[in-house]
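Visitor: This is the structure I have questions about; it appears just below.
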Amino acid sequence: MNLMLMGLPGAGKGTQAEKIVDAYHIPHISTGDMFRAAMADQTDLGVKAKAFIDKGELVPDDVTNGIVEERLSQADTNVGYLLDGFPRTLDQADALAVITDKLNKPLDGVINIDVDPEILADRLSGRFICKTCGATYHKLYHPTQVEGTCDRCGGHVFFQREDDKPETVKNRLKVNIEMNTPLLDFYEKRNLLYTVDGNQEIDDVFAAVKKVLDTIKD
């Protein structure tokens, strides 16, 4: 099966990707891993990508698309693949369609893990850190045993990273929703989109994902 995974930050894509890869024995291809491998192997495209990344610039589409094509050309994707983090734009989605047709590895399905943005905001903005020892907690999922006291060192001073502050999280989600919506429409029009309710326990989400994948497989 040739698959793509979509979802907003905090939706649990990484966890579901691991479960899909374990159950269906297909390679997990994330954008970050692709770039790191291309740069480590010093391919022509990897060298080009590194030059942009080192300058703190976005890697242009032609380089990104080329790296994706190189990765999907590798033999381990002959049994299928799970794309994660690409495409990010409609232009990249068009390029991916051309690449996968050329390689005769077209997408069989796009799985969107749909979670209420309010729940995601709570998930992402609930993290706090002990200033003394750096132990990490979450107000909902991993609170301190005694309120206001670090389990590890007994410290009483905590802080939040800028990235985890509610306003930052809300802006990040807003940007991602604006970016994802056209892509979801793109794949829905091509009858490739399958949306799974991600507002459930991890195993329940995977059960729903598996049901979709078994349908695609058949």
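Cβ atoms are placed via backbone N, Cα and C, with glycine included.
So Swiss-Prot says this about it:
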BINDING   Gly10, Ala11, Gly12, Lys13, Gly14, Thr15, Arg127, Thr136, Tyr137, Gln200  ATP binding site
REGION    30-59  region 'NMP'
BINDING   Thr31, Arg36, Glu57, Leu58, Val59, Gly85, Phe86, Pro87, Arg88, Gln92, Arg161, Arg172  AMP binding site
REGION    126-164  region 'LID'
BINDING   Cys130, Cys133, Cys150, Cys153  Zn(2+) binding site
Visitor: By Cβ count within 10 Å, point out the most packed of the binding-site residues listed: Val59, Cys130, Cys133, Cys153.
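Guide: When each Cβ's neighbours within 10 Å are tallied, Cys130 leads.
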Visitor: Please state how far apart, in Å and to a whole number, the two most distant Cα atoms are among Gly10, Ala11, Gly12, Lys13, Gly14, Thr15, Arg127, Thr136, Tyr137, Gln200, the recorded ATP-binding residues.
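Guide: The ATP-binding residues span at most 24 Å between Cα atoms.
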Visitor: Write out how many residues of the region 'NMP' (30-59) are helix, how many strand and how many coil, based on DSSP.
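Guide: Result for the region 'NMP' (30-59), in helix, strand, coil order: 21 helix, 1 strand, 8 coil.
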Visitor: Measure from the Cα of Gly12 (ATP binding site) to the Cα of every one of the binding-site residues Arg88, Cys130, Cys150, then give the nearest.
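Guide: Going through Arg88, Cys130, Cys150 one by one, the Cα closest to that of Gly12 (ATP binding site) is Arg88.
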Visitor: At the Cα level, what's the spacing in Å between Cys130 (Zn(2+) binding site) and Phe86 (AMP binding site), rounded?
Guide: 35
Visitor: Nearest to Arg161 (AMP binding site) in three-dimensional space, by Cα, is which of the binding-site residues Gly14, Arg127, Cys133, Tyr137, Cys153?
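Guide: Its closest listed neighbour, by Cα, is Arg127.
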Visitor: At the Cα level, what's the spacing in Å between Tyr137 (ATP binding site) and Cys150 (Zn(2+) binding site), rounded?
Guide: 9
Visitor: Just give me the nearest neighbour of Phe86 (AMP binding site) among the binding-site residues Gly10, Gly14, Arg127, Cys133, Cys153, Cα to Cα.
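Guide: Checked the binding-site residues Gly10, Gly14, Arg127, Cys133, Cys153; minimum Cα distance to Phe86 (AMP binding site) goes to Gly14.
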